[in-house]
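Novice: One structure coming up, written as structure tokens, with questions to follow.
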Amino acid sequence: MSSNPAATLSDVQPDGFFTRGLADADPAVFGGLTEEIAREKKQIELIASENIVSKAVLEAQGSVFTNKYAEGYPGKRYYQGCHPSDVVEQLAIDRAKQLFNCGFANVQPHSGAQANGAVMLALTQPGDTIMGLSLDAGGHLTHGAKAALSGKWYKAVQYGVRPDDHRIDFDQVEALAREHKPKLIITGGSAYPRHIDFARFRAIADEVGALFMVDMAHFAGLVAGGVHPTPFGHAHVVTTTTHKTLRGPRGGMIMTDDEAIAKKINSAVFPGLQGGPLMHVVAAKAVAFGEALRPEFKAYAAAVVENAKVLAARLKERGADLVSGGTDTHLALVDLRPIGVTGRDADEALERAGITCNKNGVPNDPLPPVKTSGIRVGSPAGTTRGFGPAEFREIADMIADVLDGLAKNGPEGNGQTEAHVKARVEALCDRFPIYPEL
């Protein structure tokens, strides 16, 4: 036996473990959090994949559900003490099914990439052929890009957009599908600003015996709000993130109307790809889905699209070259090649001016992903903040001012313009405050 005296509570538990806030317990992390809150309050967020969640979503995600392991599914867990977890996960499932009018929903994927990976695990085998929209045409890494798992484990065939109007080239899709006979055809993307003809994709999939998957991560909130065509009724399976336009926590989800596919999906998510779900995130998903079922969310979704169109139209009036000429959704893509500016220089200059967007490839982009020839801008976060068409028109002018100055003076000589725009940005943000208690 050990001769050491028994450990006291103070030996194993820091003072104030259950009572001290972050500022006292870890000032370094609290400093980073404080900086992020200040950034969100004072900058205009135009990254199309980002949004601003409600206080209720923040509260759920920061809840005691972070303590709980809940491997399995509601009513069929591998641990005890899971009744509260069953309640919130079933709420998330039921609300997702109601929101998208679908038969089955798995709310456990940790991310959109995990959701896409689970579908591939469920419905394909390594070495199978899959088809997806190429990255430079607006697709996503997980749809078969060479650098991603989907491009390494599968024979990935990539389709693109027409060079004249930058819309999906369905003649190419048909030809590639007939030639390669893919097991899975994927559509959706991260920088495609137009509606997609889901019915035509399904017809092509049926012709070649493929399954059809829609990744609606970017436009799920627009579908939920009734301002974007729904993929349900066409796709065999639908994946999404739960943030972006859906305005929930960062996470993923998989939906289908096919019971046999649903069973395969459930097994692929757990135990195939993940262990226990992140129950604090699942709880936050349930909250966000509940918010999206309210009438105000339909108005929000409509405003997101209207604001994006205003932003794109004003940028075009100011001389910007827009990929596809505009947008049907929440995002627009600006080709900077006509003004001789790179995406990296543009997004860095805009951030110095208080506007966050991201550098982005454009169709047939000659520059690498770390540099790019374009930027992507979006309206979800600004719309959540309360910006309307007048504000987005003003934002477009601020963007154009920075880009014009950059083209004329270069990154080193654009400081005066950036400082002037930053003052305008902060004045606009002060009129539309967020998180007053933080």
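Glycine is treated like the rest: Cβ placed from N, Cα and C.
Because the structure is a prediction, the values reported are computed rather than measured.
Grabbed the feature section from Swiss-Prot, which reads as follows:
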type: BINDING; residues: LEU135, GLY139, HIS140, LEU141; note: (6S)-5,6,7,8-tetrahydrofolate binding site
type: SITE; residues: HIS243; note: site 'Plays an important role in substrate specificity'
type: MOD_RES; residues: LYS244; note: N6-(pyridoxal phosphate)lysine
type: REGION; residues: 361-383; note: region 'Disordered'
Novice: State the count of C-beta atoms found within 10 angstroms of the C-beta of GLY139 ((6S)-5,6,7,8-tetrahydrofolate binding site), not counting that atom itself.
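Specialist: Its Cβ shell of radius 10 Å holds 26 other Cβ atoms.
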Novice: With an 8 Å cut-off on Cβ distance to the LEU135, GLY139, HIS140, LEU141 Cβ center, who else from the chain surrounds the (6S)-5,6,7,8-tetrahydrofolate site?
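Specialist: Near the (6S)-5,6,7,8-tetrahydrofolate site, beyond LEU135, GLY139, HIS140, LEU141, sit GLY132, LEU133, SER134, GLY138, THR142, HIS143, GLY144, ALA145, ALA148, GLY189, SER190.
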Novice: Do you know the DSSP helix, strand and coil residue counts for the region 'Disordered' (361-383)?
Specialist: 4 helix, 5 strand, 14 coil
Novice: What are the non-local neighbours of LEU135 ((6S)-5,6,7,8-tetrahydrofolate binding site), defined as same-chain residues 6+ apart in sequence with CB under 8 A from its CB?
Specialist: LEU141, ALA145, GLN158, GLY361, PRO369
Novice: Can you tell me the three-state DSSP label for HIS243 (site 'Plays an important role in substrate specificity')?
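Specialist: HIS243 (site 'Plays an important role in substrate specificity') sits in coil per DSSP, no helix or strand.
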Novice: Specify the count of other C-beta atoms within 10 Å of the C-beta of the residue listed as 'N6-(pyridoxal phosphate)lysine'.
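Specialist: 28, counting other Cβ atoms within 10 Å of the residue listed as 'N6-(pyridoxal phosphate)lysine'.
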